[in-house]
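Over in TrEMBL, the protein carries these features:
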TRANSMEM  A:112-131  transmembrane segment
TRANSMEM  A:156-175  transmembrane segment
TRANSMEM  A:201-221  transmembrane segment
TRANSMEM  A:233-254  transmembrane segment
TRANSMEM  A:285-308  transmembrane segment
TRANSMEM  A:348-372  transmembrane segment
TRANSMEM  A:384-405  transmembrane segment
DOMAIN    A:432-460  domain '4Fe-4S ferredoxin-type'
DOMAIN    A:463-492  domain '4Fe-4S ferredoxin-type'
Amino acid sequence: MKYIQLIGLTLFLTGLLAFTVIPFLGEYTISEGIVLDNTKDIHQEKMKELLAPMYGKEYSSSFSFIRELNQRVDNYNSELKAESRWDQVIWDDYSFPLAKASLSSPVQNHPWLFLFVSIGLTVLGGLFYNLPKFKGEPEGIKNNGIFHSKMKNRGWLGMLTGSYLILFYVILYWFPAYMVNLVWMVEPLSLILSGNPASQWFLYGLIYTLAILVMGVRMFRKYKGNRYQQIRTASVMFFQTAFAFLIPEILVLLNQPYFDFKNIWPLDYSFFYDYRIETLTSSGAIGMFMLIWGILLIVVGVPVFTYFYGKRWYCSWVCGCGGLAETVGDPYRQLSDKSLKSWKIERYLIHGVLVLAVVMTALTIANYFSAFSFLGNVTNQLHSFYGFAIGSAFAGVVGTGFYPFMGNRVWCRFGCPLAAYLGMVQRFKSRFRITTNGGQCISCGNCSTYCEMGIDVRWYAQRGQNIVRSSCVGCGVCSAVCPRGVLKLENGPEEGRINDMPILIGNDSVKLNA
Amino acid sequence: MSPSKHIVILGNGIAGITCARHLRKGDDNIQITVISGESKYFFSRTALMYVYMGHMKFEHTQPYENWFWEKNRIDLVQDWVEKVDFEGKKLYCQSGKTITYDQLVLATGSKPNKFGWPGQDLMGVQGLYSKQDLELMEKNTESGVKKAVIVGGGLIGIEMAEMLAYKNIEVTFLVRESGFWRNILPEEESEMVRRHIREHHFDLRLNTELEEIISDGSGKVKAVKTKSGEEIPCQFVGLTAGVSPNIDFLKGADLDLDRGILVDQLFQTNLKDVFAIGDCAQFREKPDKNRNLIEQVWYTGRMHGETLAQTILGKPTPYKPGVWFNSAKFLDIEYQTYGQVPANWDESQVSNFYWEHSSGKVCFRMLCDSDGRILGVNNFGFRLRHEFFDKAIREQWSGQKVIQNLDKANFDPEFFAPYISAIQRTYAEENNITLKISKPSFFQRLIGAKL
C-alpha cells in the first residue's frame with residue numbers, strides 16, 4: 001500500500017473513532033424552561049409536571065438521562081392506555097429535542113473542531129486513500145482481488161461494516177436522542193445554510209452527501225478511461241450535493257418550503273400527505289410551482305424520460321439512493337443474488353411495496369378532500385406504519401446497512417416503489433435496451449457477477465438476446481467489465497427491441513433459437 | 001414412456017453442453033448423459049483466470065444454475081472415462097462404473113502442448129486449460145514464487161502473465177516468434193500488444209526459445225535455460241505453447257485418429273454412432289477454405305454442438321461455418337476480428353487500410369480484395385458490431401461502403417471517444433475521396449467527447 005494511502009486510512013479510522021466516541025460526551029441537565037420551549041402547547045403542562053423531579057439534576061450519561069425521561073413519560077402513558085384514555089396519551093416523542101437542549105458538552109463550545117476531528121478526518125482520509133488509487137496503472141478493469149477481500153466478499157471486515165451501518169441507522173431513525181452531540185457539531189453549518197438549528201436529518205444529509213462525494217472520487221479512479229462511468233458518477237454527485245442537500249436548505253433560508261426538486265413520489269412517499277400539501281399550497285407561487293413540478297415529474301417526467309433513455313436517467317444518474325449505491329455501494333455490487341428464485345422474490349416484493357404506496361396515497365388524498373370525514377386519522381396510522389416499515393426499516397436499515405451482505409441495491413431492487421413504476425415503463429414502453437454483440441459472448445460471467453441488480457446478464461448475452469428487464473438501472477458496469485465487447489446500453493427503435501427467440505450469428509449450418 | 005435412445009456426451013465443455021441442450025430442445029424423449037471428470041457442472045473455461053485473480057468465484061463461471069440440468073433431464077456424471085468399448089457401446093469409468101450408450105459424442109477438448117522439453121514435468125511447471133490446472137496453479141504459486149517464466153506467446157500465455165502479476169510475481173515471457181502472437185496478428189497489431197505488455201512491466205523476450213527447464217535437485221523448478229544459453233531463475237514455469245486434442249485414452253481402439261479424432265462434415269467418425277465435436281475433432285477436409293482442420297475456439301465449439309445436435313435428431317446437417325469472428329483481451333486492450341485478416345498478405349492481391357490512434361492503444365485494420373471488396377477487419381481498443389460486419393462481409397461490400405457506414409458498426413459505450421469519425425477522415429484522406437463524416441451524437445457534443 002502506498003504511504004499516502006496508509007495515512008489516509010489512519011485519518012479515516014481516527015475520524016470514525018471520534019465520530020463513534022463523540023455521542024458519549026457531556027452532561028445533561030433539564031429545566032422547566034427547556035421543557036416549555038420544546039413541547040407542544042397541549043403537552044406543556046403535563047410534561048412540566050412529569051419531568052419536574054429531574055430539574056436541575058446533572059446526568060453524566062445520555063443513557064441515564066434518556067432512560068429516566070422516557071420512563072416518566074411511558075409510565076404516565078401506560079396508565080392512560082390501561083384506562084383507554086387514548087386522546088390524552090402523549091404520542092409525540094420529545095426525547096430528541098429535550099436531550100439536545102439539555103446537553104452541555106465541549107462539542108457545543110467547539111463545534112467546528114469536533115466536526116473536523118470526526119467527519120472532517122474521515123473525508124480527508126477517504127480522499128487520501130482514494131486519490132492515489134491505481135496511480136501509474138494503465139486504464140482498465142480494476143476488479144483484482146475482490147473475492148479475496150475481507151471487505152468485499154462478506155469477510156469479517158464486511159460484516160463489521162454492515163453491523164456499524166445498521167447500528168447507525170437504528171439510532172438515527174429510532175433513538176436520535178443518543179446522537180445529540182453529533183447534531184450540535186453541525187449546528188453552525190446548518191445555521192449558515194438554512195438559518196435553522198440542526199436536526200438529525202441535517203446531520204444525516206451532510207454525511208450522506210460527503211460519502212457520495214468521497215466515494216465518487218473513488219469511482220473516478222476505479223473507472224479511469226470509462227467515460228460513461230465518469231460522467232454518470234459526476235451526475236449523481238452533482239444531484240446529491242445541489243438538489244438533495246444544498247437547494248432545500250437554501251430554500252428554507254429564503255423562507256420557502258424545504259423541497260427536493262428531484263425526489264419523486266412514490267419514493268417520496270409523503271409527497272401527498274396533508275401537512276406537505278398544506279405547506280406548499282400556503283407558500284404562494286413558489287409553493288404552487290413545487291406542487292405542480294412534483295406532479296408533472298410523476299405523470300410526465302417519468303414516462304417521457306424513461307421512454308427515451310430507460311430508467312437509468314433517474315436510478316443511476318439522478319436519484320439519491322442510487323447515488324449512494326453507485327458510489328459508497330460500488331465495492332459491494334458483486335454481492336447481489338443472481339438466482340431465478342431471488343428474481344421471483346424481487347417481483348413480489350417491489351410490486352407489493354408499490355401497491356402499498358399507491359393505496360396509502362389514494363386513501364390519504366381521498367381523506368384529505370373529504371376533510372377527514374372519510375377515514376379520520378386512520379391514514380395517520382397507515383403513514384406511521386409505512387414510514388416505519390418501508391421508509392426507515394427497508395430503505396434505510398436494510399437498504400444501506402445490508403450493502404456488505406446483499407449488495408448495494410437491496411432497496412432499489414426489492415423495495416423502491418418508484419423503481420417499480422420506472423421499471424414498468426422501461427419494460428413495456430421504452431427505447432432502452434442492452435444489446436448483445438452477435439455471437440461474441442464467451443459466457444465468462446463477469447457481467448452477471450458485477451450486476452448490482454442481480455440480473456443474470458450472461459443468460460441473455462450467451463443467447464444473443466437483448467436485455468430488456470424492468471430492474472436494470474443502466475449503470476453500464478456489465479458493459480464495462482465484459483472482456484469481449486459484447487454489451488452495449490442503447491436507445492433505439494422499439495421494433496425488434498424484445499427478441500425472445502434470438503439467433504446467434506456465425507453458424508450457417510443451421511438457424512437456431514439459442 | 002421409456003427413452004427412445006441414450007446419447008452419452010463425453011465432456012461438459014461448451015461443445016458438449018451446447019449439443020446436450022439442443023438435443024433436449026429438439027427431443028423430449030431421448031436420454032441424455034454428460035460425463036466429465038473435470039467438474040460436475042458446466043463452467044466457462046475462458047473465465048478461469050478471473051477466478052484466480054479474485055474477480056469471480058468458481059461458481060460464477062457456471063452459466064446455468066444447478067437446477068437447470070435436472071429440470072431439463074440432462075444427467076450429469078462426474079467421472080473420468082478410462083476406456084471406450086466401441087464394439088459393445090460401453091464406457092469404463094475410473095470409479096469402476098460402466099455406462100452404455102446408443103450414440104456417443106466425444107467432446108473431450110484439449111490439453112496443453114508439451115514438446116518434450118527436458119524438465120517439463122518438474123514441480124512448478126504446468127499449462128493452464130482445466131479446472132485442475134487452475135487448482136494446481138493456485139497451489140504452485142501459493143508461496144515462495146518470486147519469478148516466473150511463461151513459454152509461448154499466445155492468448156493463454158498473456159492470461160497467465162496477468163494472473164501471476166496479480167500475485168506480484170515477476171514474469172518473463174519467452175516467445176519464439178519475432179512478435180507477439182505474430183502467427184495470427186499483423187505486424188502493427190502485434191507491436192501494439194508488445195508495447196502494452198511492456199507497459200505492464202512484463203519482460204517480453206521475442207525470438208527466444210526454451211532449451212530446458214532446470215531442477216533444483218528436489219524435483220522443483222529453479223530456472224529455465226534458453227536456446228541461446230541464458231539461464232533465467234524462476235520458481236514457476238507456465239507452458240502455453242498452444243493446445244492439442246485430448247485423445248490419448250482413445251488410442252489403440254478402432255477409432256480413426258490423427259492429431260484429433262477424424263470426422264466428416266457431419267461430425268461422424270469412422271465408427272457408426274460415434275461423433276466428435278469441439279477442440280478434439282479434426283476434419284478430414286476443411287469445412288471452408290479459410291478454416292483450419294482443427295478448430296479450438298469457444299465459438300466453434302458452440303457451433304459444432306449446435307450443428308451435431310440436429311444430425312443426431314434425425315436432420316443430417318453438415319457443418320457450414322459462417323463469416324469468421326473471434327475476440328480476445330490482451331491485458332487491458334480488447335480485440336475483435338471479423339472475416340479474414342491474416343498475419344501477412346500478398347500486397348498485389350490485397351489492399352490494406354490501417355488506422356492507429358495517437359495513444360497507441362486503439363487501432364483499426366481493414367483488408368479488401370483486388371476489387372476493393374472487404375475481406376475482414378481487426379479492431380483493438382474499441383468495439384465494433386458483429387452483425388454489421390457479418391452482413392458487410394457476406395454481401396461483399398466495398399471498403400468505401402463499409403467506412404461510409406462505420407458509425408452503424410460502433411459498439412463502444414455512449415460518450416466514448418469518436419474513433420469512427422477519425423477512421424473515416426483518415427480513410428478519405430488516404431484515398432483522396434470525400435466521405436460524409438459521422439457527426440457525434442447530441443450527448444457526445446454535450447460533454448465534449450474528444451479523441
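Just so it is clear, glycine is given a Cβ too, placed from its N, Cα and C backbone atoms.
When Cβ-Cβ distances below 8 Å are used as the criterion, the transmembrane segment (A:384-405) is approached by residues 151-152, 154, 158-159, 161-162, 165-166, 168-170, 172-174, 269-270, 321, 324-325, 328-329, 332, 335, 353, 356-357, 360, 411-412, 414-416 of the same chain, each at least six residues removed from its ends. Under DSSP, the residues of the domain '4Fe-4S ferredoxin-type' (A:463-492) split into helix, strand and coil as follows: 5 helix, 6 strand, 19 coil.
Distant neighbours of the transmembrane segment (A:201-221): 119, 122-123, 126-127, 130-131, 133-134, 172, 179, 182-183, 185-186, 189-190, 194, 229-230, 233-234, 236-237, 240-241, 244-245, 249, 320, 323-324, 326-328, 330; these residues of the same chain sit at least 6 beyond its ends, with a Cβ under 8 Å from one of its Cβ atoms. Note on the transmembrane segment (A:348-372): residues 265-266, 269, 271-274, 277, 378-379, 382-383, 386, 390, 394, 413-417, 419-421, 423, 471 of its chain, located 6 or more positions outside it, place their CB under 8 angstroms from a CB of the stretch. Tertiary neighbourhood of the transmembrane segment (A:285-308): same-chain residues 256-257, 259, 261, 264-265, 268, 271, 277, 279, 314, 418, 421-422, 425-426, 429-432, 491, selected by CB-CB distance under 8 Å and a gap of 6+ residues from either end. Residues 141, 143, 223, 226, 228-229, 232, 308-312, 315-316, 322, 326, 333, 346, 350, 409, 412-413, 419-420, 423-424, 426-427, 431-442, 444, 446-455, 457, 498-500, 502-505, 513-514 of the same chain lie 6+ residues outside the domain '4Fe-4S ferredoxin-type' (A:463-492) yet bring a C-beta within less than 8 angstroms of a C-beta in it. With a cut-off of 8 Å between Cβ atoms, the residues of this chain six or more beyond the domain '4Fe-4S ferredoxin-type' (A:432-460) that come close are 143, 306, 308-312, 325, 329, 333-334, 336-338, 340, 342-343, 346, 407-409, 412-413, 426, 466-469, 471-475, 477-479, 481-492, 497-498, 502, 504-507. Sorting the domain '4Fe-4S ferredoxin-type' (A:432-460) by DSSP state (H, G, I as helix; E, B as strand; all else coil) yields 8 helix, 5 strand, 16 coil.
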